Amino acid sequence: EFNGSFYQPSAFLMMGIPGLEALHHWISIPFCALYLIALLGNCMILFIIKTTQSLHEPMYYFLSMLAVTDLGLVLCTLPTTLGIFWFNMRRIGFDACLTQMYFIHILSFIESSVLVAMAFDRFIAISHPLRHPSILTKTTVMKIGLVIILRGMVSLLPIPFLLKRLTYCRKTELSHSFCFHPDIMNLACADIKVNVFYGMIILLSTVGMDFIFIVLSYVLIIKTVIGLATKEECLKALNTCVSHICAVLVFFVPMIGLSMIHRFGKNVPPLVNTLVAYTYLIIPPALNPIIYSIKSSHIREALLRALRRK
């Protein structure tokens with residue numbers, strides 16, 4: 001579309017792994033394995049929690065939310081990523097790109113919020129174990145889930161419209177095999193200060209605050225654990241947090257890295273940028289089910305019972 005000085009491309013071109021285009025078919029093998037692990041692992045977590053009555057408690061309700069969010073992230077990026085690796089299908093329509101971007105960012109923000117809710121659950125369970133069932137009732141958990149979804153949807157709703165108002169340069173090549181707000185924004189020939197400012201405000205007020213709340217929760221948890229009578233009690237209490245700490249690190253470290261690269265890493269090699277992006281969107285959904293299956297004895301026992309029945 002071209003109208004005077006306003007230009008909006010009909011489509012963008014997505015990028016696979018720069019410099020390794022000839023090896024895309026081979027590279028697709030580990031990606032397929034990761035996607036398969038993520039899909040099967042998260043579906044397994046949901047099935048086990050649904051069919052095991054003893055797991056119908058807040059910790060596992062939040063884990064279900066995390067699994068659904070991870071499935072959403074996988075399904076958002078799988079078609080375009082494997083489309084490039086298998087069929088070299090690099091073209092994506094402008095509106096389709098904005099839609100994919102919107103859902104990727106919403107699901108990322110939801111995952112961040114769910115990790116906060118899980119940290120709060122661990123804090124209540126360790127610091128106020130007797131009040132835990134009365135504080136985090138099933139209704140309360142449902143309300144928290146609804147607030148998390150609405151928060152992500154509303155806070156990110158202006159982003160597609162802020163991108164549609166921009167005029168774009170003739171360059172239409174994205175840096176990834178998926179659509180990411182800073183990536184699209186940097187292709188514009190117009191003033192993008194509003195986009196940059198709004199993006200930073202939303203990122204800091206959601207994901208940034210989430211990370212602070214998670215750290216604060218663990219400061220309070222450690223303070224409570226230190227006051228416990230025996231070393232065994234301390235270790236037992238901290239052991240219930242190991243899975244969550246791993247999930248937090250797996251999610252936040254690559255996310256912060258990718259955000260920093262897009263905003264300040266102009267001289268970072270494209271390959272590094274691409275690998276961090278894939279780590280951010282593919283590794284957490286694949287690792288989370290493994291982490292919780294290994295560290296949670298309840299999940300592990302329920303899985304073994306299900307396998308024996310089969």
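For all residues, glycine too, the Cβ spot is worked out from N, Cα and C.
Taken from TrEMBL, the feature transmembrane segment applies to 23-49, 61-87, 99-120, 141-163, 196-221, 242-263, 275-294. The domain 'G-protein coupled receptors family 1 profile' annotation in TrEMBL covers 41-292.
Outside the transmembrane segment (61-87), and at least 6 residues removed from its termini, the chain residues within Cβ reach (under 8 Å) are 14-16, 24-25, 27-28, 31-32, 35, 38-39, 42-43, 45-46, 49-50, 100, 103-104, 107-108, 110-111, 114-115, 117-118, 121, 138, 141, 145, 148, 177-178, 247, 281-282, 284-285, 288-289, 292.
Against the transmembrane segment (196-221), the recorded stretches 141-163, 242-263, 275-294 differ in Cβ pairs under 8 Å, and the greatest number is found for 141-163. When pLDDT values are averaged over the domain 'G-protein coupled receptors family 1 profile' (41-292), the model yields 91.
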